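Undergrad: Copied straight from TrEMBL:
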{"type": "TRANSMEM", "residues": "29-51", "note": "transmembrane segment"}
{"type": "DOMAIN", "residues": "44-295", "note": "domain 'G-protein coupled receptors family 1 profile'"}
{"type": "TRANSMEM", "residues": "63-85", "note": "transmembrane segment"}
{"type": "TRANSMEM", "residues": "105-123", "note": "transmembrane segment"}
{"type": "TRANSMEM", "residues": "135-157", "note": "transmembrane segment"}
{"type": "TRANSMEM", "residues": "203-228", "note": "transmembrane segment"}
{"type": "TRANSMEM", "residues": "240-263", "note": "transmembrane segment"}
{"type": "TRANSMEM", "residues": "275-297", "note": "transmembrane segment"}
Amino acid sequence: TMPHSHPTNTSLWELHLTGIPGLQHLHHWISIPFCVMYLVTLAGNSILLCLIKADPSLHLPMFLFLSMLAVIDLVMSTCITPKMLGIFWFHSTAISLDACLTQMYFVHAFSAMESGVLVAMAFDRYVAICNPLRYLSILSSPVVAAIGLAILLRAVVFMSPLTFQIRRLPLRSPAVVDHSYCEHMAVLKVACGNTAFSSIYSLSVSTCVVSFDSLLIALSYALILRAVLSLSSPQAHKKAFSTCGSHLCVMALFYIPGLLSMYMERYHQELPSHIRILLGDLYLLIPPAFNPLIYGIRTKQICDGARRVISR
């Protein structure tokens, strides 16, 4: 199919993703930063995982959470970027219903997991700074494993109903999804039947997860800053502000565009659709590329670990 024509022979087991509606003529250009971000994500997160595995001094709770984040980022960007680039480069818009639902499930479940890991990392920093002597006894290996399992279960329990709900709805033909990946709200628009439950459930779960997690993160960082400001050394203040600042920027990049794109998808139909869709793409593409840089390469232990591994 040509990028502009809507395919009409859609079997109902197949959907078509439009890419970025209204910007099809720019798909080749848009694909360049997307492709670069994906390559940075693959390289950064893989290097980080290899480093943490290779250097025993990095087998600490903080770096175990960082490894979880790296795995989540690799899965999340791999489940959307190759297909997106296929649309941008080869106009391969078709996607089977099962592949679409799998992609949707992974995107939403792994976003929820990423959010949970960011909370765990904020808690980890809080314990390390405010209770350093008991750090390893509070965050023992069984506790870290339990936190990881809880993050996984929460994502599965919250996100499974979304996919099952859509699986049961008939799709209208042609099933053309105005998005560059199978985003839940966008797929819901090509479903017939009563989609109210699905739509309300999706918005409320996302809002609850984001609000709850952001509050916990804000609380952790507020307590960290309070603890640091009670120290006298200006050097410590500077370091804490720089670390907290960069962490909070990455978190804002993850939470704000994600929620905005969802609410716009639901309520602001008059907004140009490419703005909504670019927001939805960027919140899944930017944090995975930046996380290894912000949390990894700027961390002294990781740099020292890298030197040790290289010198070995």
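Using the three backbone atoms N, Cα and C, a Cβ is placed for every residue, glycine included.
A TrEMBL annotation is a machine prediction, not a hand-curated record.
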Undergrad: Given the transmembrane segment (275-297), which of the listed stretches 63-85, 105-123, 203-228 has the most Cβ pairs that are under 8 Å apart from it?
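TA: Checked against 63-85, 105-123, 203-228; highest Cβ contact count belongs to 63-85.
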Undergrad: Is the number of Cβ-Cβ pairs under 8 Å between the transmembrane segment (240-263) and the transmembrane segment (63-85) three or more, considering only pairs separated by 6 or more positions?
TA: no
Undergrad: Mind pulling out the one from 29-51, 105-123, 135-157 with the most Cβ pairs under 8 angstroms to the transmembrane segment (203-228)?
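TA: Comparing 29-51, 105-123, 135-157 against the transmembrane segment (203-228), the winner is 105-123.
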Undergrad: Six or more residues out from either end of the transmembrane segment (105-123), which same-chain residues have a Cβ under 8 Å from its Cβ atoms?
TA: 62, 65-66, 68-69, 72-73, 75-76, 79-80, 147-148, 150-152, 154-156, 158-160, 162-163, 181-184, 209-210, 213, 216-217, 220-221, 247, 251, 254-255, 258, 284, 287, 295
